[in-house]
Amino acid sequence: MTTEQRRSLLAFQDYIRKTLDPTYILSYMAPWFREEEVQYIQAEKNNKGPMEAATLFLKFLLELQEEGWFRGFLDALDHAGYSGLYEAIESWDFKKIEKLEEYRLLLKRLQPEFKTRIIPTDILSDLSECLINQECEEILQICSTKGMMAGAEKLVECLLRSDKENWPKTLKLALERERNKFSELWTVENGIKDVETEDLEDKMETSDIQIFYQEDPECQNLSENSCPPSEVSDTNLYSPFKPRNYQLELALPAKKGKNTIICAPTGCGKTQVSILICEHHLKKFPQGQKGKVVFFANQIPLYEQQESMFSKYFERLGYRVTGISGATAENVPVEQIVENNDIIILTPQILVNNLKKGTIPSLSIFTLMIFDECHNTSKQHPYNMIMFNYLDQKLGGSSGPLPQVVGLTASVGVGDAKDTDEALDYICKLCASLDASVIATVKDNLEELEQVVYKPQKFFRKVESRISDKFKCIIAQLMRDTESLAKRICKDLENFSQIQNREFGTQKYEQWIVTVQKACMVFQMPDKDEESRICKALFLYTSHLRKYNDALIISEHARIKDALDYLKDFFSNVRAAGFDEIEQDLTQRFEEKLQELESVSRDPSNENPKLEDLRFILQEEYHLNPETITILFVKTRALVDALKNWIEGNPKLSFLKPGILTGRGKTNQNTGMTLPAQKCILDAFKVNGDHNILIATSVADEGIDIAQCNLVILYEYVGNVIKMIQTRGRGRARGSKCFLLTSNAGVIEKEQINMYKEKMMNDSILRLQTWDEAVFREMILHIQTHEKLIRDSQEKPKPVPDKENKKLLCGKCKALVCYTADVRVIEECHYTVLGDAFKECFVSRPHPKPKKFSNFEKRAKIFCARQNCSHDWGIHVKYKTFEIPVIKIESFVVEDIATGVQTLYSKWKDFHFEKTPFDPAEMSK
């Protein structure tokens, strides 16, 4: 059981609690649970019900330390008949169970009618496949002893917990077969409809269903005030909405067919505006002609959000809606999907790739393109790559029709502009990039907009740092000692002396470590064994320096205890791994200082004054309003964890229930949150009330919807003007506040500059909107022509592949691994190595996240087999019928055999060697 699996189980515990009756699987868990624990769980069910019993069961389960308990849990689910839950946990994909929520909600509402109209014994045989065997027996027993109404209540309880995705439809068929009138109320094909019985109307509960990552509140009548997601009826997701006046104002230019950038605050309903535009666009085509819309979402969470909303709105109108992201593109024929659907939601790189391949011949296949978060259309961003294709078609005199373009953003930004004229130039370039002749903002209906989107009050708090920092003094000395050891083994490596006055505990120091490690990978000596020894040693020294640097950053902004725990975890992992002489020495040096560090961390005089200020703000705001909902933005994942621990360990903040939200990517050795885990946290924050403060990195500041908050705290957190507007936009509730806490006056100054830039941006947009539209189009065309000339002049010729054989060396120990002649390319982007010799060079370990994608099944990770190296080389997969390694070029150094020159590549596409396609016939030789 890995830490990641344990974390995922915790993240999905709400789904498990709502679905699992643990008493049905306890007999299969006998090897893992003590008899008294089994009795406790049974008693909890008898006294409080299955959900509380499931909570206790999960507590005992997660405390298990024995090997194999997780597999035992899955087997128990399988044996008991929890096939849906088994599948969801094994793949960490709860979408099927999540989709059942709307039917559970409807059944809850219809329960009074259900128990008076249903005779359970008439339909139980049809429903048996959707229930656990013991549940069927219990229902029959209750019918026999207590009567049919009590049996119907038990049947409802069991269906509400069912993990079978087909139970709503099976129930419908069973009711129709019995010609039961209740079937008229139970609708599954077209979503949930309003129940029109007056008796039921009085007894309906409010919905607790919600759509993850939904940008805007989905009220049926959008001309009324916003309502939080918990108050949104699920019927609204399927019904036409009444737009507000400001939404109609924003949509108007695009509905007239103009290429438009829509710039409006977070939370005002830009997605609904795009739906209005999209519906108008599709309906305007005469009979025999059809429109085709593509909606680009820049991130996977946004993609899923928009796909869900567009599907629910447009499918009831008879339009076909689908989505393709990087996670699904390899498994579907993109050109066929585009051809067969009216609205396609895409992550933009998918279209970039297919335009390059020619599977989508041109953008003329679409009639409308909508770019979410369109301010990203710059440089080499996929949005810009798509628009390069569009502009080449426009300026090249192509006969094919061009699609209409609509962009959505909360802020167009101003770049590095110093005044309004420069800001205007920047915005014009963005308009040129999107071929937009109009920027639509709310002008005529501002009062209505301000009733929906509340701009929070902004407060700046300059806080003090520690007067003296004993922890930093001790760690800095350990770092100086480690640097000296590294210099001693290699005096010739220039990067150790290149940077002057290195300040420990800074981002600059982290960058220096990266520079040293890159230099180390191509460092060469005549004695190759000595070269390998030095490179391995330098990797170890710099890895320890990086951890010390991280700890100093944590202690600067959080508690010394959190920084020390971070280091203790690191050294514990070091001890559990190879633990060679250098690591033993570095560990001993740390442990010699550990008692002193522990003493410093326990000394109250070393508490962080920043945290005291943060505590004061939180206490004050929650005292004024106990229902306060907060987002606390911080810079790093390590700081997210540290502040969560601080809140949970501080008795003065016991009223807080913190949750965390971080990105999905991997930084150094830290794996980010999985997408399902992010969804689960947002669900708990938005609807369930499990958290009243969310500690987040920048993943929460763009696009992804988070519940209406009335307190936003930026803790040493500042970015550009776009980031400022987005983070502030998270505070959308009436009377909301935004605090910037920092010990650095420069951070406050930067935020004040951002506020000035926001004013410049708004002034520039107003000025631009006064221009004659024809004149503006001419200016846009001039910019586009000029930019294309620059682009064409900078176009690089296609590189000629180097036919000379090269060596691939391990990036850490510099051992010879293979030659480029042994490398084969699979499906144009995956690289494997042929031959038994390579198999001897690596060891494999089970992959922590095994996964199937396209023709590949990811099974293991591979590492350098050389003693004390264990450098990560890639993965081991099953490809069709072959078991093969797949390597990543960043883990290796490429050496020219003739000259001995060594080169690093971060991506295979940058390494221009003669690439031989994978041939299955070679595997049989």
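Cβ coordinates are placed from backbone N, Cα and C, and glycine is handled just like the others.
Model, not experiment: these values are computed from the prediction.
Feature annotation from TrEMBL assigns Zn(2+) binding site to Cys810, Cys813, Cys864, Cys869. Just so you know, the Cβ of Cys864 (Zn(2+) binding site) picks up 22 other Cβ atoms within 10 Å once every protein chain is counted.
Mean pLDDT for the domain 'Helicase ATP-binding' (251-430) in the predicted structure: 88. The annotation domain 'Helicase ATP-binding' is assigned in TrEMBL to 251-430.
TrEMBL lists 610-776 with the feature domain 'Helicase C-terminal'.
Marked as domain 'RLR CTR' by TrEMBL: 794-925.
Scoring each of the binding-site residues (Cys810, Cys813, Cys869) by how many neighbouring Cβ atoms lie within 10 Å, the top position goes to Cys810. The record gives Cys810, Cys813, Cys864, Cys869 for Zn(2+). Within 8 Å of the mean position of their Cβ atoms, the other Cβ atoms in that chain belong to Ser532, Lys536, Gly811, Lys812, Lys814, Ala815, Ala865, Arg866, Ser870, His871.
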